[in-house]
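J.: Straight from TrEMBL, here's the annotation block:
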ACT_SITE  Cys2  active site, for GATase activity
BINDING   Asp89  L-glutamine binding site
BINDING   Leu245, Val268  ATP binding site
DOMAIN    2-193  domain 'Glutamine amidotransferase type-2'
Amino acid sequence: MCGILGCISEHVDDTRFARALDTLAHRGPFHRGQLRRGALRLGMTRLPMSSSVDYPLPVEVNGWLATYNGEVYESTAGGLPAEVARVIDAIRAGGEFPDGMYAFAMLEPSGARLHLGRDVFGIKPLYYRHDAQRGEFAFASELPALLALLGPQRLDRESVADVVATGAVLQYRTMFEGVQVLPPGTLLSFDVSAPRQAPSLTALRLAGHEAAGAIDAADAIDDLGAALDSSIERCSDTFRDVGLLLSGGIDSTLVNACLPPDTARFHVSVSDSGDHPPPQPGLRVCELGGDDFWPLARRAVRSYAAPTRMSSLLMYQALADLVRQHDSYCVLLGEGADELFWGYPRHLAMDECDFTLTPRRLAGQYFGDFDTKSGWLDPALAQTVLQRVDAVTADLYTGDLDEAIWHFDLHYSLEPLLRRADHLLMSRTVEARLPFLHGRVPAIARGLGRERLAQHQQKAPLQALIRRRVPDYPIEKKRHFRLPFTKWAGLVDEMRDFLRRGLDELHALGLTRLSEPDVQRLDGSDAFTLTTLLLWRQAFSEHLQ
């Protein structure tokens, strides 16, 4: 795909900007360009997918200047300029944006306003920082590129507290003060002539994205199958060979059933996980065991640029390596199906309690036992993170539980998973495409409502569809795509030892009440989260003031 970069600053010269753009070379090794308009600098690297034609970068369309990362699946002929034109039309009309995956920055012909946007699911990432005091604004596809522009930044200790208590940074902040992730489906508009003024944020609307009203479950399977077929066709439209990340679960198996036999299929075989697809043509497999953990973890945390509870980070780094070993640049993924069709244990747990959840219990389904883990923090930080969890819940749970579930799924499950997929795969110049998130599939899923858990089955519509298309597929209880820490006791002990040795550093980060006995009691999941925190601190120390 592409990498985009830009800033409004009198303190960034050509050399510094070029060095920052260098850090995005893996996102676009085939072509790059940069330009300056007054205090504004724009840069872009390109991995062409829809067209092999070279275009001047950044792209100029009808007087607009654009840095653009993504694909519009509704465009016809015209290549990259035509895709950019579709997005420009939506900005000008204040209307609905086209189906696709993208992050962009568009400068109006007058040069007065700069618009940043991110697709409705957040498939493509975008980070930014506005320094109102200095009148500076900067953005980038990845944090290291943005930090190369900004220089060292202060650690956001509240974000540390978020990670410790919930496993993720809340409210689209990052580990650096003032540096933010643009939320999915958001259009940011910045007044170039008044750089101290805060940018405005508005919702970016996508045609056909909202739930299509109640859908008859009995008639939905045919409609869903046709919609998925169409979306797979859209996502496979590229002049490059398209592969598939095949986990062996329902989602990737459904996509697999639609692909030609000679499609390259990539699978990470995790020792002791018990999750393996059957042998088939075109299957490439890499092995991942406990001995691979430390070198892979260091690389994966650097690629993701944040600490996290997602141990699948390592699996994606291994898959990215495997795909590049076979000279592929594009793969399909099954991500998004679990959030859209309610495939997680939390969805089943909510069904079993008849969807009677207090706000705190709903938050617990996504953030785990945040009350207990906040007890490792400095008391002031602990109080702050609990207030932030309550604020997030109040913002997302406004009375309609099903809508609250969707917003939690989008912002605290799907978006981090998509950012993980992008950063890990693109670290090896591999684009991810996601058929479950395009066309009519999302609207059908949400229109099914609680029928998605018919007869207390997770992803009941997808189970019905796979019975038709792959009759011999063994439907089993969902296995999380994560490392099997319960089977890797030796590795968990290694992480505890690593954390004990780094206990002073953890205390300095704000975990002042975490003791050696606490570390010894950590389970694999919590040990992994804190391990990534220390690995992140080591990897990004040069970027911290």
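Glycine residues also receive a Cβ, built from the backbone N, Cα and C atoms like all the rest.
I'd like these features described in context: how deep, what's nearby, how far apart.
T.: Here Cys2 (active site, for GATase activity) comes close to Arg27, Gly28, Met44, Thr45, Arg46, Leu47, Thr67, Tyr68, Asn69, Gly70, Ser141: these same-chain residues lie at least six apart in sequence, with C-beta atoms under 8 angstroms from its C-beta. The secondary structure of Cys2 (active site, for GATase activity), as reduced to three states from DSSP, is extended strand.
The Cβ neighbour count for Asp89 (L-glutamine binding site), using a 10 Å radius and every protein chain shown, is 14. In the three-state DSSP classification, Asp89 (L-glutamine binding site) falls within a helix.
Look at Leu245 (ATP binding site): DSSP puts it in a strand.
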J.: Around Leu245 (ATP binding site), how many other CB atoms lie within 10 A of its CB?
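T.: Here the count is 26.
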J.: Can you tell me whether DSSP puts Val268 (ATP binding site) in helix, strand or coil?
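T.: Val268 (ATP binding site) sits in a strand per DSSP.
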